[in-house]
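Since the structure comes first, as structure tokens, the remarks are kept for the end.
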Amino acid sequence: MCFNLKVKLINEDALLPFQANPGDAGFDLFAIEEKLIRPGEAELISTGIKLELPQGTEAQVRPRSGLALKHSVTILNSPGTIDEGYRGEIKVILINHGKEDFKIEKQMRIAQMVIAPIAKVNITQVEELSNSERGFGGFGSSGVK
Ligand SMILES: O=c1ccn([C@H]2C[C@H](O)[C@@H](COP(=O)(O)OP(=O)(O)OP(=O)(O)O)O2)c(=O)[nH]1
Ligand SMILES: [Mg+2]
């Protein structure tokens, strides 16, 4: 599967999404602003990019594990959903779960974006659903080990 993604830079500090290694699933997204995120607080961070996603795809904005592990900084609405038809600026809602202030710097890599195909879905209302092996079991019903 290969998609062509159109990216518009709308700020002089904006950078194209960055694939650290060939074949990586995620393209890193960069901040275009400095911002302090206080412990327990969330901030909306601008990336300075707009996308034209290929038809039938979405972009998922996911946390970077390094920021999460080292600084307890992650994405509040993870994964953020970028709709195919969205033409606004891509923004990232970061939350600081740590005990110290976290400073976002310009051109810091703050998140990663994965492009994924989406199924076309038609919804039908029904009175009955078919039986299945799982049935109503959920929320730990299959045990821990
Ligand atoms: O992390 C995110 C999540 C969303 N968006 C943009 C793209 C997306 O297509 C749009 C709407 O996002 P979403 O559907 O998650 O938000 P909503 O609260 O349902 O708003 P809306 O009523 O505009 O759909 O906002 C971002 O830039 N970053
Ligand atoms: Mg929505």
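Every residue gets a Cβ built from N, Cα and C, even glycine.
Listed in TrEMBL:
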BINDING   Arg64, Ser65, Gly66, Asn77, Thr81, Ile82, Asp83  substrate binding site
DOMAIN    16-143  domain 'dUTPase-like'
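Listed in sequence order, the residues of the same chain lying 6 or more apart from Thr81 (substrate binding site) and placing their CB within less than 8 Å of its CB are Glu58, Ala59, Gln60, Val61. Only Thr81, in sequence order, out of the binding-site residues Arg64, Ser65, Gly66, Thr81 have a CB under 6 Å from ligand 1.
Across all of the domain 'dUTPase-like' (16-143), the predicted model scores a mean pLDDT of 98. Look at the Cβ of each of the binding-site residues Arg64, Asp83 and count the other Cβ atoms within 10 Å; the largest number goes with Arg64.
The Cβ neighbour count for Gly66 (substrate binding site), using a 10 Å radius and every protein chain shown, is 10.
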